[in-house]
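Engineer: In case it's useful when we look at the structure, here is the feature table from TrEMBL:
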- 172-313: domain 'O-antigen ligase-related' (DOMAIN)
- 53-74: transmembrane segment (TRANSMEM)
- 81-105: transmembrane segment (TRANSMEM)
- 133-151: transmembrane segment (TRANSMEM)
- 163-181: transmembrane segment (TRANSMEM)
- 187-203: transmembrane segment (TRANSMEM)
- 219-240: transmembrane segment (TRANSMEM)
- 305-325: transmembrane segment (TRANSMEM)
- 337-356: transmembrane segment (TRANSMEM)
- 362-393: transmembrane segment (TRANSMEM)
């Protein structure tokens, strides 16, 4: 009898452990897309992660379904089966595990044991750029700190709690070894503020109040000293890469101008609104020299709040802010300081980066918000509903088709770079239905058509590319197309727009000089003005191509003088 009772107890324990493992796998599989890489695609491509996410949602649903059946067979009530108990714990430890993997990945790259995700950077983890990689580590570190601090001393802890403390501490140290090497100032600031917040929330209020009353003046002087150090450190961080910082400030300035033009949101996309605003700003002529120097063709606003405000308008923006702060309030109430610290780090990182354009951060952010409180109640339903929507709506199939199209694009790009433009055009035309909303693809297709003399067709795709890309090279090629079609006024309009969008580039001035030297559109005064721009303007990066352009313009000038 006693033996049967022991067997039942062991079976019950095994079922409980299995349920815990299945729940952990259900959450970890959703967050594991951070480790997914697609070296066969371009460095910045993330469609492979969405394909993985589609599969992981199905796997997660299977785990939840199996765990729920085990709970029912164990005699659990329906109400308890439908809950996702300890969801925040599963999210925390999934992120700690994945953060540890990323930290080791980065260390291997630093020491040359693994290749980085981008040829320009030594350290990227599983990402294509050290910026997002640093942002991910910055999110995980406050969670590690929370799990290290939450049980206080070491002496009276059980073995399992000691193990938890050690694992969290080791992963935290690994992250601290890698994070400085990323050179991401945004991530440094985000993780510092988030970790200080976690430490503050773990304080012993009674002791702090006594110490504050006893040593008030001393703490105030310490605070002033720390503030001075932070100001000096902030200036040091700014001067570490000053042009990069100035570039961000200018980018935000232009984004604010775009918001002023579209106060209720722009449905044409960030690239269109930003390109239009930057072009209008430089066209006025009232700008500083440094603004011309740091201006670029960004894909993102490098400030998620400004970009959200530009694209969705203030109503959606306010709604999301309310949801976020309500979640933080709930997380603080339930003492989930690690989760809240991770959200704070992500919120700060979002001020000067683009995490919400990457699947890893989107999925991670949703899980963190749910983990603040409501996730214990609705997480199972959310995952099951996501699976239903994804597979009924055919999203996984669409993502797989897009991934296959991106693979085909890489093959077509090889033909494009090899100069086999006719073959490239055939490949591009087949890929167009899946990639018609990608600026890079549309530009390549349009340029390839330009190379074989299909000027009207080229302009058709280049004009669409302007909706998804801010690169003024699109306008340069359109101008060249119109020049070949003898539509000189339209060519001039395109090339002037290009000079206004990025006045630091010499190439559009060179094309304008050639345009004004055309016998049918000859304008000596404008030619002289463009010639001076080509000959005198200091390029960002000097190259032999610039010397060749200058030499050609001088030869054209001599021909016109005859």
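Positions of Cβ are set from backbone N, Cα and C atoms, glycine also.
Keep in mind that what you see is a predicted model, and the values were worked out from it rather than measured.
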Engineer: Run through the domain 'O-antigen ligase-related' (172-313) and tell me, per DSSP, how many residues are helix, strand and coil.
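Structural biologist: Its residues fall into 114 helix, 0 strand, 28 coil.
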Engineer: Please work out which recorded stretch in 81-105, 133-151, 305-325 has the most C-beta pairs separated by under 8 angstroms from the transmembrane segment (337-356)?
Structural biologist: 133-151
Engineer: Looking only at the domain 'O-antigen ligase-related' (172-313), what is the model's average confidence as pLDDT?
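Structural biologist: So the average pLDDT across the domain 'O-antigen ligase-related' (172-313) works out to 86.
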Engineer: Check for me, if you would, whether the transmembrane segment (187-203) reaches the transmembrane segment (362-393) - at least 3 Cβ pairs under 8 Å, residues 6 or more apart in sequence.
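Structural biologist: As far as Cβ distances go (cut-off 8 Å, pairs 6 or more apart), the transmembrane segment (187-203) and the transmembrane segment (362-393) do not touch.
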Engineer: Counting only residues 6 or more past its boundaries, what in the same chain has a CB within less than 8 Å of a CB in the transmembrane segment (81-105)?
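Structural biologist: Result: 23-24, 26-28, 31-32, 34-35, 64, 68, 71-72, 114, 125-126, 133, 136-137, 139-141, 143-144, 146-147, 167-168, 170-171, 174-175, 177-178, 331, 334, 336, 338-339, 342, 364, 367-368, 370-372, 375-381.
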Engineer: Which stretch, 133-151, 305-325, 362-393, tops the Cβ pairs under 8 Å count with the transmembrane segment (163-181)?
Structural biologist: 133-151
Engineer: So if I exclude everything within five residues of the ends of the transmembrane segment (133-151), which remaining residues of that chain have a CB under 8 angstroms from its CBs? That is, six or more out.
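Structural biologist: For the transmembrane segment (133-151), the list is 34, 92, 95-96, 98-99, 102-103, 106, 123-127, 157, 161, 164-165, 167-169, 171-172, 175-176, 178-179, 182, 184, 186-188, 190-191, 194-195, 197-199, 202, 337-339, 341-342, 344-346, 349, 353, 355, 360-361, 364, 368.
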